[in-house]
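Down below is the structure, laid out as structure tokens.
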């Protein structure tokens with residue numbers, strides 16, 4: 001009787017707070033399979049549950065997406081901000097699969113019972129503990145999301161983004177040119193507004209548990225990209241909203257952007273999302289695509305419709321974050337997912353079962369992180385997340401106490417080198433993962449390229465150093481170095497010119513516009529023509545900054561129809577047809593707005609653009625004098641060291657015959673005695689050559705001298721013989737005359 005009452009209570013709670021999630025109930029008592037190894041038991045767990053009498057074996061590994069400084073912020077009735085650290089939640093989260101369905105996804109919290117999601121091929125289940133149960137009973141329910149019949153994004157956001165990256169399946173040659181995925185980390189700050197707080201239970205720990213559960217599932221989805229979605233902190237507007245949440249998502253987004261600039265500046269995050277409950281919204285999301293590293297647009301709105309549950313809401317957030325990191329929605333005729341629903345498919349929100357990113361999404365993401373700067377996703381050392389102290393084997397990230405980490409069973413390409421279950425090397429092999437590990441489980445020889453240059457003047461190729469399976473950090477020309485024959489500057493590894501920027505937007509032949517165009521479009525106080533925003537209001541540029549505001553281009557007439565009329569602005573100025581685009585209509589993959597001139601673009605003698613202002617180059621850290629430090633035989637790199645020209649050796653670029661140049665940072669050199677020599681350059685044979693040359697040079701000189709003397713003697717003898725013959729001839733003639 002007590003169990004029935006508990007089940008009815010749990011059923012009522014699910015109906016009240018889980019939206020349209022199905023109530024197809026099963027009761028199960030999970031059974032944990034114990035391990036003799038306590039260390040392995042903490043990182044990996046096995047549970048057996050039953051659904052409809054069928055046993056399922058869940059293999060789980062530790063999932064880390066909450067940092068040690070994770071806080072939950074709330075406001076009291078007087079408006080004061082308070083924070084709580086739910087430290088007990090840090091070690092609860094696991095992800096894995098059901099052995100009976102190897103392609104399944106399982107995401108669970110194991111503290112105070114099992115709570116989370118089980119996604120099989122075409123069906124999803126939720127599992128939660130029965131409160132006050134003495135027998136560890138849990139309920140399992142089939143999760144169903146009714147079609148919310150709403151768009152994910154407003155037309156003015158999604159349409160403009162999609163026109164910049166049309167649907168197409170990339171050629172294999174294009175994919176091969178993109179670099180391999182490296183571990184990255186996206187730090188997200190979540191805010192829950194009052195209506196959603198009430199809808200999810202109106203209690204701090206209950207709401208926190210649900211949001212952590214949602215982000216845990218989102219993080220599981222993004223592991224395909226080796227991208228860890230870290231929930232930096234959670235803010236609950238439990239008493240009243242700090243901004244108005246009326247209107248559509250894009251209206252709320254503008255208000256939220258202005259609010260976060262003032263109130264979230266000291267709280268670490270790469271992007272912030274406001275979660276809003278709306279019973280029947282027109283669309284359920286608003287964000288700026290490709291802006292994850294842009295502090296002016298690093299925000300989004302996700303609406304929770306009444307028609308979906310936590311799983312569907314997780315997909316909404318995953319799709320929005322996907323747009324932030326360069327993804328587009330899938331064309332179902334050209335993009336596919338093997339035995340799963342594609343996450344960037346519009347129907348994924350209402351679909352049940354396993355969800356993964358498509359081949360198109362994979363290409364979009366690889367392009368995003370390969371071709372442009374995404375440094376905000378690489379600052380793991382500043383986050384100090386949980387998995388830094390507690391490594392997770394199988395996530396493809398080499399962490400403390402791991403000898404190798406080649407990913408999970410399906411991802412690992414070094415199975416004969418690395419045990420993907422324990423992250424230990426097999427036998428006496430040298431390595432088991434990383435770009436500088438060979439298929440023979442050996443470290444790549446020093447001097448093997450591991451990261452190609454993306455700019456011939458401003459970026460440098462990196463090499464394996466022969467002692468590590470990882471590639472050395474990226475090296476490029478120090479910001480402020482002249483490039484393109486002195487008409488541009490290097491900035492973050494790229495030669496920044498308005499011609500290149502215009503060509504990327506409007507096609508081949510487009511160029512930076514004359515000064516008159518820049519002056520015109522950056523002096524008007526309008527939304528499409530400005531030098532940035534303040535309190536959500538557009539600002540005209542100061543005269544000194546007009547070359548650093550909106551990007552103005554001129555394009556050939558044959559390309560004039562290639563741009564989207566809804567986002568392109570045409571101006572006729574002094575016999576020039578100037579072209580620009582609306583702010584927010586197109587984003588660079590480094591997170592900056594294509595509408596503006598890129599940072600590092602020259603705006604005057606010894607000046608370049610930074611954050612829409614024209615600044616002197618020497619004020620921006622150009623503290624390495626290549627003329628003195630590198631003796632004029634190299635340039636300064638981003639580590640403040642010399643990148644020497646061929647024929648000169650680092651660190652000070654002294655002349656050395658045969659040296660390929662380079663720096664002490666690019667992985668191609670090691671210190672040997674009092675000078676640097678290139679690894680991979682065969683110094684052994686070089687020394688033998690010099691020694692042999694010194695030994696045989698005297699013999700060569702003697703031999704040459706002997707040959708020379710011999711020739712001289714031979715010539716002298718020949719002259720004497722010729723003279724003798726001539727004299728003999730004269731004597732003979734005289735005798736003939738006498739007779």
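Count begins at 1; order follows the chain as displayed.
Just so you know, glycine gets a Cβ as well, placed from its N, Cα and C.
Database features (Swiss-Prot):
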- 293-376: disulfide bond (DISULFID)
- 335-360: disulfide bond (DISULFID)
- 337-342: disulfide bond (DISULFID)
- 450-471: disulfide bond (DISULFID)
- 624-636: disulfide bond (DISULFID)
- 630-642: disulfide bond (DISULFID)
- 644-653: disulfide bond (DISULFID)
- 184-381: domain 'Peptidase M12B' (DOMAIN)
- 390-479: domain 'Disintegrin' (DOMAIN)
- 620-654: domain 'EGF-like' (DOMAIN)
- 36: N-linked glycosylation site (CARBOHYD)
- 76: N-linked glycosylation site (CARBOHYD)
- 122: N-linked glycosylation site (CARBOHYD)
- 149: N-linked glycosylation site (CARBOHYD)
- 156: N-linked glycosylation site (CARBOHYD)
- 177: N-linked glycosylation site (CARBOHYD)
- 294: N-linked glycosylation site (CARBOHYD)
- 359: N-linked glycosylation site (CARBOHYD)
- 465: N-linked glycosylation site (CARBOHYD)
- 561: N-linked glycosylation site (CARBOHYD)
- 611: N-linked glycosylation site (CARBOHYD)
- 625: N-linked glycosylation site (CARBOHYD)
- 1-16: signal peptide (SIGNAL)
- 177-687: topological domain 'Extracellular' (TOPO_DOM)
- 709-739: topological domain 'Cytoplasmic' (TOPO_DOM)
- 688-708: transmembrane segment (TRANSMEM)
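Cα to Cα, residue 642 (disulfide bond) and residue 337 (disulfide bond) are separated by 47 Å. For the pair residue 471 (disulfide bond) and residue 359 (N-linked glycosylation site), the C-alpha distance works out to 26 angstrom. Under 8 Å, Cβ to Cβ, and six or more positions away along its own chain, residue 644 (disulfide bond) finds 630, 633, 634, 650, 653, 659, 661, 662, 663. Note: the domain 'EGF-like' (620-654) comprises 5 helix, 10 strand, 20 coil (DSSP; helix = H, G, I, strand = E, B). Reduced to three states, the DSSP call for residue 360 (disulfide bond) is helix. Residue 376 (disulfide bond) carries a helical DSSP state (H, G or I).
Of all the Cβ atoms in the protein chains shown, 27 others lie within 10 Å of the Cβ of residue 642 (disulfide bond). Taking the C-alpha atom of residue 625 (N-linked glycosylation site) as reference, the shortest distance to any of the disulfide-bonded residues 293, 335, 360 belongs to 293. Just so you know, of the glycosylation sites 465, 611, the Cβ with the fewest other Cβ atoms around it within 10 Å is the one at 611. Remark: secondary structure over the domain 'Disintegrin' (390-479) totals 0 helix, 14 strand, 76 coil, with classes taken from DSSP. Of the listed glycosylation sites, namely 76, 294, the sparsest CB environment within 10 A is found at 76. Closest in space to residue 122 (N-linked glycosylation site), of the recorded positions given as 294, 360, 450, 624, is 360, taking the CA atom of each residue. Checked against residue 335 (disulfide bond) by C-alpha proximity, the recorded positions 294, 359, 376, 611, 624 yield 359 as the nearest. The Cα atom of residue 624 (disulfide bond) lies nearest to that of 611, taking the recorded positions 342, 376, 450, 611 as the candidates.
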